[in-house]
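Novice: Can you keep this structure in mind? I'll have questions shortly.
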Amino acid sequence: QKSPSYDSESQTKQLCQSALCRTFLWGQKIERSMNPLWALLLCITLTGQLGQTQDLIEDSLDNEEAADGGVELLEEGPQGPEIDVSEEKQPCSRWMGGVPGTPGHSGQPGRDGRDGRDGPRGERGERGEAGDKGDRGEKGDVGSAGPRGFPGTPGLKGARGESAFSYQSAFSVGLSEQVPTTNVPIRFNKFFYNDQHHYDMVSGKFRCVLPGVYFFTYHLTVYTKDAKVSLYRNDRAVMFTYDQYQERNVDQASGSVVLRLESGDQVWLQVYGDETVSGVYADNTNDSTFSGFLLYPDFPRDRSVTGNRHLLSRKTKQGYYA
C-alpha cells in the first residue's frame, strides 16, 4: 500500500494541475476579450498565487504527520524502493514557471496634492519705484463741522493804508474892540482857528464850501449899553439875542444853532437895530467870539464825492480839503 504522504502528494499534484488547467482556460477566455499583454500579465499573477496555495497545503500535511506520531504500516511486507520526492515536492510555480512579461505602460499622472502650510515670513524687499499718478477721484461729500478751535494769536499790525477823504470846515474868531456900526456884518478880526479860510475877515461872513450840517455859536460881552444881535443866513435872520445892560456891570449874551447849508451859503452875525443896542464890546480882558464847524457832510445822492473833488481841490492851499 502507498503511504499517506504519497497519497497526499499525488492529490496535491492533481489539484495543482487542475487549477493550472482552469487558470489556462480562464486566461484564454480573458485573452479573447483583452489585450494579449494584459492577459499575459494576469496569468503570471494567478500562477504565483497558485504556488502560494500549494505551499500552504504542504505545510498543513506536515503538521498532520507530526500529530499522528508516525503511524505504522497496517500490513507487513516487503518494502518497495524508496522514492525520492524531493524533486517532485517542488511547487507548481517553480517547475511550471512562465515567461516574464514585458513592462507595462506608464500610468497617468496622479491628482494634485493638497496645498502645503504657509512658510515663514520672508525678509522685507527693496522699495519699488513710484508708479504713475492716478486719475483724480470724485469729490466727496462735505463732512460735518468739527469742534471750535482755540483762538489764534493776534497778527502783526498792518501797514497804514490810504486814508479816506477827510472833510474839514471850522473857524473860531473874536473882536478886539467895540462894534462901531449896526445892521452890517460884524467883522471879527481876532483869529483863533481858520485853517481852511472858510471865514472871510474882509466881509465878516462864513462861506460854505462843503454841503452838510454845521454848528454855530457865539459868546458876546455887553458893556455901556444894551445889545441886540441876530444870526443871518443868506440875508435872512435865523435867530436873535437881546441883553439889557445894567450900569456898572459887564453882561454876557450868547446863542447857538445847527443849520443845514448848501455849497455857497453864507452865515454871519450883525447888530440888529440902531446904535442904542450896539453894546457888543471887547478889550484886552473881555472877548466876544463867533465859532462854527462842520458836523458831517451831506452830498446829494445824484452827486458823488468824486464829482465834488474838483470843488474841494480848488482851494487846497487855503485848507478847503485835507
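Positions of Cβ are set from backbone N, Cα and C atoms, glycine also.
Keep in mind the model is a prediction, meaning the values are calculated, not measured.
From TrEMBL, for reference:
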| type | residues | note |
| --- | --- | --- |
| COMPBIAS | 111-141 | compositional bias 'Basic and acidic residues' |
| DOMAIN | 164-301 | domain 'C1q' |
| REGION | 74-160 | region 'Disordered' |
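Surface or core, plus neighbours and distances: that's what I need for these features.
Specialist: Per DSSP, the secondary structure of the compositional bias 'Basic and acidic residues' (111-141) breaks down as 0 helix, 0 strand, 31 coil.
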Novice: Report the DSSP secondary-structure composition of the domain 'C1q' (164-301) as helix, strand and coil residue counts.
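Specialist: Tallying H, G and I as helix, E and B as strand, the rest coil: 3 helix, 74 strand, 61 coil.
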